[in-house]
Amino acid sequence: MKIKEVCQRTGLTERTVRFYVEKGLAAPDCTYQNGREYRKYSLEDVTRLEQVAVLRRAGFSIEEIASMQHSSEAVPEIASAWRARLVQMTKFNESLLNVAQELDLSGLNFSTLAMKLEAASHTRSLPASDIDINFGRLDGESKEEREKKAAEFYEKQTRMVSHGEKMVFIFIFCSALRDILAIVSSIISGGDYGSSLGSTLVGVIIDVILYIMLYQGYNWSRIILLVFSGLGLATSLPGLFGLYGMGIPWASLLITMFFFYDIALFLILFLSKDIREFLDYMKSIR
């Protein structure tokens with residue numbers, strides 16, 4: 001069939017159909033007569049164009065659609081990145097909507113509107129055209145370039161969430177190992193060189209609760225873990241010097257391990273953007 005019939009069937013414009021073909025998203029048969037190109041579209045081409053239009057409306061980029069067409073194995077990863085983008089956009093839009101619903105429109109002026117929106121919009125970057133001005137083009141960038149930048153940004157966000165999740169799992173594993181060592185130490189020493197078995201078990205239960213809450217995206221658990229790791233550093237350092245002075249190697253080694261674990265836990269929980277992104281993501285989906 002000819003392009004006009006394709007447009008009637010799909011609801012797409014001729015310009016859009018040609019654009020998708022140029023990007024390799026559909027491959028109609030081409031013939032040349034008298035130096036002119038004639039394209040003949042099959043029902044399969046029409047179906048392909050309709051599928052592309054659906055994905056474009058859903059927010060997939062041209063590059064993502066092309067990758068999924070060429071490789072079925074790429075579909076889960078690209079769909080995962082798309083889902084993460086939707087989560088980020090939904091969070092931002094919900095924040096703006098909450099502010100918009102609370103606005104008192106009577107007597108609202110420019111300065112007041114900007115002030116009300118400041119907190120909700122501070123995490124949003126400026127439009128690309130405001131940052132990289134190019135007078136040769138109205139928007140500063142082509143649509144494909146903007147889509148590519150957006151895809152790269154959301155891919156970065158997705159990668160940060162994934163890294164944050166892995167770091168939380170590592171902390172859960174290390175915490176479990178530390179708790180086991182602490183229980184064994186309490187049993188061996190009978191509380192002479194550390195906490196009693198009862199207080200150690202209470203600490204283990206608290207650890208389990210905090211890490212479950214951390215994985216669920218509750219930021220208050222991160223803050224409590226920061227406080228606990230800081231207290232652990234403050235209390236273990238004097239005990240460390242005391243045990244070295246008493247000549248108890250196994251206890252000194254154990255306290256040293258706990259000391260450096262608390263340092264790593266404190267620094268990473270305090271500084272890691274990946275963990276904060278992961279917590280935000282988990283909060284948004286629970």
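The backbone N, Cα and C atoms fix where each Cβ goes, glycine too.
Applying DSSP to the domain 'HTH merR-type' (1-71) sorts its residues as follows: 42 helix, 10 strand, 19 coil. TrEMBL lists 1-71 with the feature domain 'HTH merR-type'.
Per TrEMBL, transmembrane segment is recorded for 167-188 (among others).
Listed as Cβ neighbours of the transmembrane segment (194-214) (distance under 8 Å, sequence separation of 6 or more from its ends, same chain) are residues 168, 171-172, 175, 179, 182-183, 185-187, 220-222, 224-225, 228, 239, 251, 254-255, 279. Here TrEMBL flags 194-214 (among others) as transmembrane segment.
For 223-244 (among others), the entry in TrEMBL reads transmembrane segment.
Annotation comment: TrEMBL describes 250-272 (among others) as transmembrane segment.
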